[in-house]
Amino acid sequence: MTDYKATLNLPETAFPMKAGLPQREPETLKFWNDIGLYQKLRAIGGDRPKFVLHDGPPYANGSIHIGHAVNKILKDIIVRSKTLAGYDAPYVPGWDCHGLPIEHKVETTHGKNLPADKTRELCREYAAEQIEGQKADFIRLGVLGEWDNPYKTMNFANEANEIRALAEMVKQDFVFKGLKPVNWCFDCGSALAEAEVEYADKKSPTIDVGFPVADADKLAAAFGLAALDKPAQIVIWTTTPWTIPANQALNVHPEIDYALVDAGDRYLVLAEALVESCLARYQREGKVVATAKGEALELINFRHPFYERLSPVYLADYVALDAGTGIVHSSPAYGEDDFYTCKRYGMSNDDILSPVQSNGVYVDSLPFFGGQFIWKANPNVVAKLEEVGSLLAHETINHSYMHCWRHKTPLIYRATAQWFVGMDKQPRQGASLRERALEAITQTEFVPGWGQARLHGMIAGRPDWCISRQRNWGVPIPFFLHKASGELHPRTVELMEEVAQRVEKEGIEAWFKLDAAELLGEDAAQYEKINDTLDVWFDSGTTHWHVLRGSHRIGHASGPVADLYLEGSDQHRGWFHSSLLTGCAIDNHAPYRQLLTHGFTVDESGRKMSKSLGNTVVPQTVIDTLGADILRLWVASTDYSGEIAVSQQILQRSADAYRRIRNTTRFLLSNLNGFDPATDLLPPQEMLALDRWAVDRALLLQREIEEAYREYRFWNVYSKVHNFCVQELGGFYLDIIKDRQYTTGANSVARRSCQTALFHIAEALVRWIAPILAFTAEEVWKFLPGERAESVMLATWYDGLSELPADVTLNRQYWEQVMAVKAAVNKELENQRAAKAVGGNLQAEVTLYAEDALQVQLAKLGNELRFVLITSTATLAPLSAAPADAVDSEVAGLKLKVVKSTHAKCGRCWHHREDVGQHAAHPDLCGRCIENIEGSGEVRHYA
């Protein structure tokens, strides 16, 4: 038998079947670096519309985790897709460098007794080391950006511009000093921002405490009685016994009904609705003697249980009936609501009792409990209450309680003198900050949409922003306070600029080593130099101002400087939040046009990632075993708006999907062997009908893919590309064209038409996958025929796809119908193969018994129907002629009959044809193959 292999156009490409991503990806990174890809993109972007994604800075501490990888990959997909869409899309990565975690690391390594300047020096060194490690990991993910010049909040210029941003807010009169309860961590020794608070279960004692009445006559009158014939107590319930020593008032709701209960040896004042549950808790019998509204009890005095002072009754709307007694004990130093209620009743800052020090220990002068740590003092307070006869009940509950996000230890509210940005303070011009921020939220697009209501609720209900911290490693609040009046220096804004100029040269150390006389001269003795530092959320929250307009100047000239902020859903109370407040305070609008939120990673069972559960996925390990492109494909394939599931099994499924896409791409490249688009590309009107359909299908898909990228629906991009590779290409088009591609003349219209379609599809496909499979797309790009830019990222979406006119005979609807018929035939062929009736498809002859309209449609393909169905023979017959053994199909009006061909198999095309063996010179070939190798070649019109 003659070997006709040399007469076939067999596929050939150097593009490897095995990806070898862990080994090959670093070569691509080197290539991008060698050609200066990021710099070239900036050079060609000058005339393009700008799209700015501003990077939310990760904290410069520790290795990156899977959440970091998700975040950076999503950002890179957006930046790359915007670049391909014709935008100038710079990406400046950044790092958050100041704050307690780094200071804590330095103290752990070098001890807590370091001089402050040495602490700052070591913190700066530590942050720089951490940044280098994280940067290498982010680059390895394939993230394209200005890695040689990232922004760092500890850069001198950034520290200086942060001071300038604060000065802008001082200038507009948003900043003030006040005594207020703030979230306080004993381990941090500092106030915490709202975003630094997390909630966890905690066991706490609960106590019911009776405060003896001091104004017995007034209490009797409030309940409509002439007098009281026995002692009376108003009863509070609390989970914080340690706050009792600081009690200064008792709060009732003005509209709640309160009862005077005869409990035997005393009267008890309780909310009427809670009398029964309270008496059960006290194990007492009791009878309601009289009732009164809460407002009737206002300003009646009761006595503190063990100190010689009074606790008046104040009215407060926040008192509720969901637990306790309906009366709230008020320690204004340790509760925000208590604080504001007491202030409303005229209590001055000097009157507020604050016996708990910054380390959680009572001041030594506090009677009974001085020098005790508050959590350890709880049982001692309970014992004292029992001793004086004021303890009515004592239990333990497990409840959700605020904790420090770093130390995982319980927090308290603690009234301290701090610097605040006022939410409702009237600025020099315009609306309050709260009003500005709420209005800005309505002008911002949220992805997903529910983020708008979430952020709106947080802004509407939040207190003033405490921006001061009592730490060493942070940007200073460079204020001078008059020692006598407590007022800021009248030249504060001007002085802040002088400080900023010094910080620009020397960093934050310039302020801490500054002698006040250098700036204030002879007035220095009258002023106190403030050494508080700024909340780290102020650091990151002002990056839009001092990075996009300052150090890198990539933002828009007016309006929001960034088109998009993209972070995890926790940043509604973090970076999104602080950036909104600073943007509205300084510029009177949000710093962003869109906010995109992604969820957190969980395992395939929906559990949080935890080392103790052993379900963590380390991105570096995935990269080393599967490759960064697999990680990127997994991120793209997931609906990130909710929880993002990841496990080894899930990643393996992504690897399987990747192989399908790679194999499809390899098929395209291998069949473009010998194709030069400069000379071989056919215009649409000269192409075969099936090829024109394939290009049209790619065009329709590209429109959908571009829209999905625009709307950040990357999982739709993935599913559309994957389905195109599996179904339209792998399950239909590519199988059909193999015969024509391999067996027709190398330069025939039939083959060049097919190659033209494959070329167009490959050109489009490589761009579709480039934002997601960044490394693989670059690899594919190098193997595509024709002249092209150095990198796929220097191109834009492919514009060579042509639309199939609606008025052609074999239009989109026609091919949809053919695909359905082919699927029905494939199903019957599978059944026949399973029954051993036929071997391969080409051993089969199929007769299609079709109703008239369908028969007319299929007949348009003529003799080429068999090539579409990939059978040796395909015969059309009327449905009425179907024999009893014809099989019904899923296509209406179509029955099928498959039989094994009795003809010999062609040794070249493998079709079973009756003319095989009828040609003496080529006894192994069919007439079609002989025509293709010796004659002018077969002519195809459709497929």
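From the backbone N, Cα and C atoms, a Cβ is placed for every residue, glycine too.
The motif ''HIGH' region' annotation in Swiss-Prot covers 58-68. Confidence in the motif ''HIGH' region' (58-68), given as mean pLDDT, stands at 94.
Cβ-based neighbour count (10 Å, all protein chains) for GLU567 (L-isoleucyl-5'-AMP binding site) stands at 20. In the three-state DSSP assignment, the secondary structure recorded for GLU567 (L-isoleucyl-5'-AMP binding site) is strand. Feature annotation from Swiss-Prot assigns L-isoleucyl-5'-AMP binding site to GLU567.
According to Swiss-Prot, the feature motif ''KMSKS' region' maps to 608-612.
In this chain, none of the residues that are 6 or more apart from LYS611 (ATP binding site) has a CB less than 8 Å from its CB. Feature annotation from Swiss-Prot assigns ATP binding site to LYS611.
Taken from Swiss-Prot, the feature Zn(2+) binding site applies to CYS906, CYS909, CYS926, CYS929. DSSP assigns CYS909 (Zn(2+) binding site) to coil, not to a helix or a strand. Residue density at CYS909 (Zn(2+) binding site): 22 other Cβ atoms are found within 10 A of its Cβ, drawing on all protein chains shown.
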- Including all protein chains displayed, how many Cβ atoms other than that of CYS926 (Zn(2+) binding site) lie within 10 Å of its Cβ? 28
- Excluding its own, the Cβ atoms lying within 10 Å of the Cβ of CYS906 (Zn(2+) binding site) add up to 25
- Query: For the recorded Zn(2+) site formed by CYS906, CYS909, CYS926, CYS929, which further same-chain residues have Cβ atoms within 8 Å of the site's Cβ center?
  - Reply: THR743, GLY907, ARG908, TRP910, HIS911, ARG913, VAL916, LEU925, GLY927, ARG928, ILE930
- When you scan the chain for residues with a C-beta under 8 Å from the motif ''KMSKS' region' (608-612), skipping those not six or more beyond its ends, what do you find? 65-66, 600-602
- Note on the structure: Of the binding-site residues CYS906, CYS909, CYS926, CYS929, the one whose Cα sits nearest to the Cα of GLU567 (L-isoleucyl-5'-AMP binding site) is CYS909
- Message: With helix taken as DSSP H, G or I, strand as E or B and everything else coil, how many residues of the motif ''KMSKS' region' (608-612) land in each class?
- Response: 0 helix, 1 strand, 4 coil
- Message: Going by DSSP assignments with H, G and I as helix and E and B as strand, what are the residue counts for the motif ''HIGH' region' (58-68)?
- Response: 3 helix, 1 strand, 7 coil
- Message: Return the residues near CYS929 (Zn(2+) binding site) by Cβ distance under 8 Å, restricted to its own chain and a separation of at least 6 in sequence.
- Response: TYR4, THR743, CYS906, ARG908, CYS909, HIS922
